[in-house]
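Reviewing the structure listed below.
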Amino acid sequence: MKPDYDVLIIGSGFGGSVTALRLTEKGYRVGVLEAGRRFSDEEFAKTSWDLRKFLWAPRLGCYGIQRIHPLRNVMILAGAGVGGGSLNYANTLYVPPEPFFADQQWSHITDWRGELMPHYQQAQRMLGVVQNPTFTDADRIVKEVADEMGFGDTWVPTPVGVFFGPDGTKTPGKTVPDPYFGGAGPARTGCLECGCCMTGCRHGAKNTLVKNYLGLAESAGAQVIPMTTVKGFERRSDGLWEVRTVRTGSWLRRDRRTFTATQLVLAAGTWGTQHLLFKMRDRGRLPGLSKRLGVLTRTNSESIVGAATLKVNPDLDLTHGVAITSSIHPTADTHIEPVRYGKGSNAMGLLQTLMTDGSGPQGTDVPRWRQLLQTASQDPRGTIRMLNPRQWSERTVIALVMQHLDNSITTFTKRGKLGIRWYSSKQGHGEPNPTWIPIGNQVTRRIAAKIDGVAGGTWGELFNIPLTAHFLGGAVIGDDPEHGVIDPYHRVYGYPTLYVVDGAAISANLGVNPSLSIAAQAERAASLWPNKGETDRRPPQGEPYRRLAPIQPAHPVVPADAPGALRWLPIDPVSNAG
């Protein structure tokens, strides 16, 4: 029986979209299953208060782009929709510093910097990475704080995947023919710098995956099936993978479908991929899965805090610019970025409360809830105004704090009283996953003082549950199943026709925004696949790792003379954060 697809990909984010394009170019019949809906530019929410288009909560009739997932040790922000996290991410595309490549989990396998750099460079071109050209009010404030604290020389503008205009110009609102792919891609419109990147770009400036990898894959024959939630999968006796799905949000039997494929790629985002692997293991569908599943789950050692004024300052436009416009490095292992939402997008302000400190040498033994009450009692009216989400985006500088330290949590499933298995977490390998980052709080308090505002954290921090937008790992690369879930070619140990190609395969904390790394790892993984019908040069599982040369696709979509053409060259230093 002929399968529905040669390759079926679950998820359409950075890993899934890269894989879809490159394997379509190699002649495979590719299908992509996406739980979320498809958006045209004008269909994105005008503000984050349009919850049906912004928030992901299918049981409530909300099919937006913003997922929020709670875990015991962390609260997670993620993406949804055709294009995955590219729809609501902050456009920021850094190459990580050296500790990522040298992490003890995988550094002994190969020279990862040497192997991955050509693929980082290719992903940069595909995603249209340029240096942010605008120095905003938030950048000025952050730069002044960095200067005063002695690390002003670390301030840099961010590398972003945004179209500002042709040939390095800024032409806001002007539409031009495809500037990246020699006519194979869509027309693009110059960025308005309205700050609405994370609610969905309505202007055609953000280089989402729909504008590049995924859109090109579809034009070459890949089939994207939206509003399709995967309920389970298993390998049949004939070797094919059978994937059971239901129409997202439906409870009806008639909305169930089954797909078959020779090869199956999990790219459902770290949360989604981990959930599927745990579920299939617990139900006996993947009995040979490595016991390392869930180990080395990372949060990017992250904290999301911020500073807010009590009323809008007419002399400060904190919504101007793309979502993230600059970076500072207060310590060798800490990276802070100012973040913004556009005017009117204030719903995420409901996550904010007053800043509190955790325990430890630089902290306090006072419980965080008590700190909150003490601070609030000093200025009750000011606290109420600070917590009011009205005009929150116009009053707030969000501070995204990341580190490339070796800490992690371990995710696992446990059976509850009703026999239902629950997904949970605990502290993992290395140093404890931070519940707060002291230098992040210090910098944020300085920012608050600069704007005559109040420093804030998130409600989860009162219970030592930080917020992260970068949930990673848990199905990491190892040199055998005792040390990893997947091999260095991204094949799941024990199941060589099952792959993990998304954030779950990130094997160490990055200390920078992860999207470029996910794309680069996916580029490398797909480059090692043979063209359809040719001999697979990857060694069988169980044999020692061999470094292989990338295999050019037989049917490239992008013309060879276009900026985004597939070619492996040294990396552009603009986005090297090392």
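From the backbone N, Cα and C atoms, a Cβ is placed for every residue, glycine too.
Residues or ranges marked as active site, proton acceptor in Swiss-Prot: H470. When secondary structure is read from DSSP and collapsed to three states, H470 (active site, proton acceptor) falls in the coil class. Other C-beta atoms found within 10 angstroms of the C-beta of H470 (active site, proton acceptor) number 27, with every protein chain shown included.
Secondary structure from DSSP puts A90 (FAD binding site) in coil. Counting Cβ atoms from all protein chains shown, A90 (FAD binding site) has 23 others lying within 10 Å of its own Cβ. Per Swiss-Prot, FAD binding site is recorded for G15, E34, G85, A90, V230, G503, and the stated evidence type is similarity to another entry.
The helix, strand and coil residue counts that DSSP assigns across the compositional bias 'Basic and acidic residues' (533-546) are 0 helix, 0 strand, 14 coil. According to Swiss-Prot, the feature compositional bias 'Basic and acidic residues' maps to 533-546.
Per Swiss-Prot, region 'Disordered' is recorded for 529-551.
In this structure, the binding-site residues G15, E34, G85, V230, G503 were compared by how many other Cβ atoms lie within 10 Å of their Cβ, and the smallest count belongs to V230. Long-range contacts of the region 'Disordered' (529-551) within its own chain (CB-CB distance under 8 A, at least 6 residues past either end) are made by residues 6, 22-23, 26-28, 109-110, 115, 118, 479, 487-489, 491, 493-494, 496, 568. A helical conformation is recorded for G503 (FAD binding site) in the three-state DSSP classification.
Annotated pair A90 (FAD binding site) and H470 (active site, proton acceptor), C-alpha to C-alpha distance, rounded: 11 Å. DSSP assigns E34 (FAD binding site) to coil in the three-state reduction, placing it in neither a helix nor a strand.
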